[in-house]
2 protein chains.
Amino acid sequence: MKLTILGCYAATPRTITNPTSQVLEIRNRMFLIDCGEGTQVQLRKNKLKFSKINHIFISHLHGDHFYGLVGLISTFMLLNRQTDLHVYGPKGIKEIILLQLRYSNSFTGYNLYFHELISKESEIVYEDEKVVVKTIPLKHRIYTNGFLFEEKIGDRKLNVDAVQEYHIDTCYYQKIKNGSDITLEDGTVIPNAEITFDPIQPKSYAFCSDTMYDESIIPIIQNCDLLYHETTFLESEAEKAEKTMHSTAKQAATIAAKANVKQLILGHYSTRYANIDLFQQEAGTIYSDVLLADDGKTFEF
Amino acid sequence: MKLTILGCYAATPRTITNPTSQVLEIRNRMFLIDCGEGTQVQLRKNKLKFSKINHIFISHLHGDHFYGLVGLISTFMLLNRQTDLHVYGPKGIKEIILLQLRYSNSFTGYNLYFHELISKESEIVYEDEKVVVKTIPLKHRIYTNGFLFEEKIGDRKLNVDAVQEYHIDTCYYQKIKNGSDITLEDGTVIPNAEITFDPIQPKSYAFCSDTMYDESIIPIIQNCDLLYHETTFLESEAEKAEKTMHSTAKQAATIAAKANVKQLILGHYSTRYANIDLFQQEAGTIYSDVLLADDGKTFEF
């Protein structure tokens, strides 16, 4: 998996920072998560191909998480996109986008599907043969979901030396990778474990923004490889965090520790802080493996 | 008057160019004209004070002219703006903005007034003691207006030497600047022309984008000091210009010449052209005083 941070600052776009948007690449799929104003330009700056984005996940309908969406949809139109585009987000997103396209008398030349979310329970919103995406219901001022991206367990790996030793025909290879035992012509049964290795462990990524401290997300994100958790404030502003239903760095780290995730990435910093290292320091007192998101940064895991 | 070009390229925002937005400063007023995605950031880059913008004029509801508006309105909210904000634009703009604010459960702490335009005739949309703004109905794929900003004629200028010679008391100065003659104590009447100079000639600026070639705007913009006229295409793409209801550089220059404007600024270039000097060259064959808009450029006149 490769995560590219297009923007990770709260509230308004500035000359040097961007509101929330990120791209997650998994097994040749490219998912866009949130789409604040300026996302198009950030995609260009980071040399990410617009045409590879087929699924866009929007956490909630605060402007710093989706005001760039209608422009991106329009740009796809101008680029003569043909491929279907799927948008997953809170109820209302379809009305907002279509109203604007209607007034501009615009029609997408591609199929635009909205998958509007209303559930307060975690649910699967996307699934194909390699990836599954579930919502993570979050607690914020308006209806908000995080998203958990999980690779599915892949095929078993062929033990090439072993299959050649048994003179097994290549036409059986996929069956073997799927986990089948093989019966040789003399009737001998070769157990699958003898001719394969375990598949690569699937990875998982949890995006949690915006949210206040909420332990009810822990069962959903338990043991995930990488957790992006918002930390709008430092603990010194805990009161403000609670009032605005955001989190502090300490709270983000506490969730990471309790959910036993492998790594924590912090983001969604309030622009009041000149130095984001303070977030890492504060979170580091609770949880060891803390990374800082920043615009243009990539994380491979 | 001072005009700052925040963005002057057609269609999509790119890493190096921005969609339409400009700021016109007249007699201590700051008017924002159009508000494509990224306008906020361009305002910051050009060090223009957000708080001085009280009136926003939107030409039409194509995304490259207004997708930055909802974000700007939200940012005003976050900056705790108290002053009234007035938005002038086509019918529909209120519904689009309010729908988004409603879904985000946001309320502006300031009064937000929408002045929705539907007339196909030129009309006065803004007027105060120093400036008047009229619409310029344009021909584009959807309902579109340009805007004509006119300074009102100011006070006559006091001839300081003359008033001192006649020992006229300072309390009469404003009356004199307003054009009155003065009667001295001995009954002598001093005609106003003897103690004043003509006022500074008021300036005017016409913004015309987006539009196809349309001579019906000429009577409205006749003799104006500065005309910004769109030129999405060069004459080599005249067919495309006509089909999409845009103009070529030659057409923009023809309008400038026929309307006898003092200077022409070209803008709204299609991003297909790597070198915008070609627009100036083409327009220069028809009309002599052609300037090129570019993002971040200012024009004082």
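Cβ from N, Cα, C; glycine included.
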Site-mate of A:His60, A:His62, A:Asp210 for Zn(2+) 1 in TrEMBL, selected among A:His115, A:His140: A:His140
Residues from A:His62, A:His65, A:His140, A:Asp210, A:His268 facing chain B - binding-site residues, CB under 8 A: A:His62
A:His60, A:His62, A:His140, A:Asp210 excluded, remaining Cβ within 8 Å of their centroid (Zn(2+) 1): A:Ser59, A:Leu61, A:His65, A:Leu138, A:Arg141, A:Ile142, A:Thr144, A:Ser209, A:Thr211, A:Met245
A:Asp64, A:His65, A:Asp210, A:His268 excluded, remaining Cβ within 8 Å of their centroid (Zn(2+) 2): A:Ala10, A:Ala11, A:Pro19, A:Thr20, A:Asp34, A:Gly36, A:Ser59, A:His60, A:His62, A:Ser209, A:Glu230
Spatial separation of A:His268 (Zn(2+) 2 binding site) from A:His60 (Zn(2+) 1 binding site) - C-alpha basis, Å: 14
Cα-to-Cα gap, A:His268 (Zn(2+) 2 binding site) vs A:Asp64 (active site, proton acceptor), nearest whole Å: 10
Fewest other C-beta atoms within 10 angstroms, as judged across A:His60, A:His140, which are the binding-site residues: A:His140
All-chain count of other Cβ atoms within 10 Å of A:His65 (Zn(2+) 2 binding site): 27
Euclidean distance between Cα atoms of A:His65 (Zn(2+) 2 binding site) and A:Asp210 (Zn(2+) 1 binding site), Å: 9
